[in-house]
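Novice: Just lifted these from TrEMBL, have a look:
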- 20-40: transmembrane segment (TRANSMEM)
- 47-66: transmembrane segment (TRANSMEM)
- 86-111: transmembrane segment (TRANSMEM)
- 123-149: transmembrane segment (TRANSMEM)
- 161-185: transmembrane segment (TRANSMEM)
- 197-220: transmembrane segment (TRANSMEM)
- 240-260: transmembrane segment (TRANSMEM)
Amino acid sequence: MTDQNSQPFAGFKFYHYTPYMPGEVIFMIFFGLCVIAHCYQLFQYRTWYFIPFLLGCLYEFIGYIGRAISSTEAPDFTPNPYICQSLLLLLGPTLYAASIYMLLGHIIVLLEAGAYSIIPPKWLAKVFVLGDVVSLCAQVAGGGMLIMAKTQEKVESGENTILGGLGIQILFFGFFMVVTLVFHLRMHKRPTPKSQALNIPWLQLIYVLYAASILIMVRSIFRVAEYAQGQFGKLQSREVYVFVLDGLPMLIVPILLIWFHPSRIVDRDSQLVSIDSVDSVDIIEEGHMLHYRGVKNRHAFNFYPP
């Protein structure tokens, strides 16, 4: 009789549970609605710097389509739906983060508060997006190694590579949260003249960024713990952890940014300034042309050099 430990490695096991179809469909529907809403806002307000965020929502939506397909295949799962959901659900939050980095940079420039940022605004997005790219590459490479694994050693190598990518993501994102907090505290202690002149809810957007950052961090820590335990760990054996610690946080983030869309602060073309914060004398003295944008339910104007 052959001992279980001496049996040849049968290959990487896609799931250690049967994906729950109703759960996958619920997340698929809500992420699909988020994609539609963010796509509408993107084109209405021309916030092109939010394209990565929209793609992150799309990745989550397609990822749950993959999980829904897998739920119909149990126990003979096929590779393609698993690869789709595994890679896209890993990479979606990385794209969320990229737009959040750029958004903080826009706020700092808008408030003329570059001196309050640990990293100069022109480098802020570049530094953090670079970390995102490195993290993304590591996660994709690790996911590919898992799919192609023929030995337990290869499975562990793939998991460790993904762990490395997630670790980089946590490191950079944790530093980003520190940069945001320091900027906020300095602005609270000594507001810039521009922040006092503009009648826009930039502080509310900072709080939204805090909430989104905490949710992304919770999800990233869960993924690190999941891969650290390995394919036979508790976190990979029950789908409820994926729903509660990955799917739900990543769904709340786009809902938050639909409710408080960044276009309320800044759009692609210029700074949005409330009419309450300027008068005709200010306009004449600055020598700018006032161009009404006609944003629905919002009195907002763009300033262009003459």
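A Cβ is built for glycine as well, from the same backbone N, Cα and C atoms used for every other residue.
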Novice: Can you name the far-off residues of the same chain, 6+ from the ends of the transmembrane segment (161-185), with a Cβ under 8 Å from a Cβ of it?
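Specialist: For the transmembrane segment (161-185), the far contacts come to 90, 94, 97, 100-101, 104, 108, 113, 116-119, 124, 128, 131-132, 134-139, 141-143, 145-146, 206, 209-210, 213, 216-217, 220-221, 223-224, 227-228.
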Novice: Determine which recorded stretch among 20-40, 86-111, 197-220 has the most C-beta pairs below 8 angstroms with the transmembrane segment (47-66).
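Specialist: Of the candidates 20-40, 86-111, 197-220, 86-111 scores highest.
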Novice: In the same chain, who gets a Cβ under 8 Å from the transmembrane segment (20-40) while lying at least 6 residues past its ends?
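Specialist: Answer is 50, 53-54, 57-58, 60-61, 64-65, 67-68, 71-72, 239, 243, 247, 251, 254-255, 257-258.
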Novice: Counting Cβ pairs under 8 Å that sit 6 or more residues apart, are there three or more between the transmembrane segment (197-220) and the transmembrane segment (240-260)?
Specialist: yes
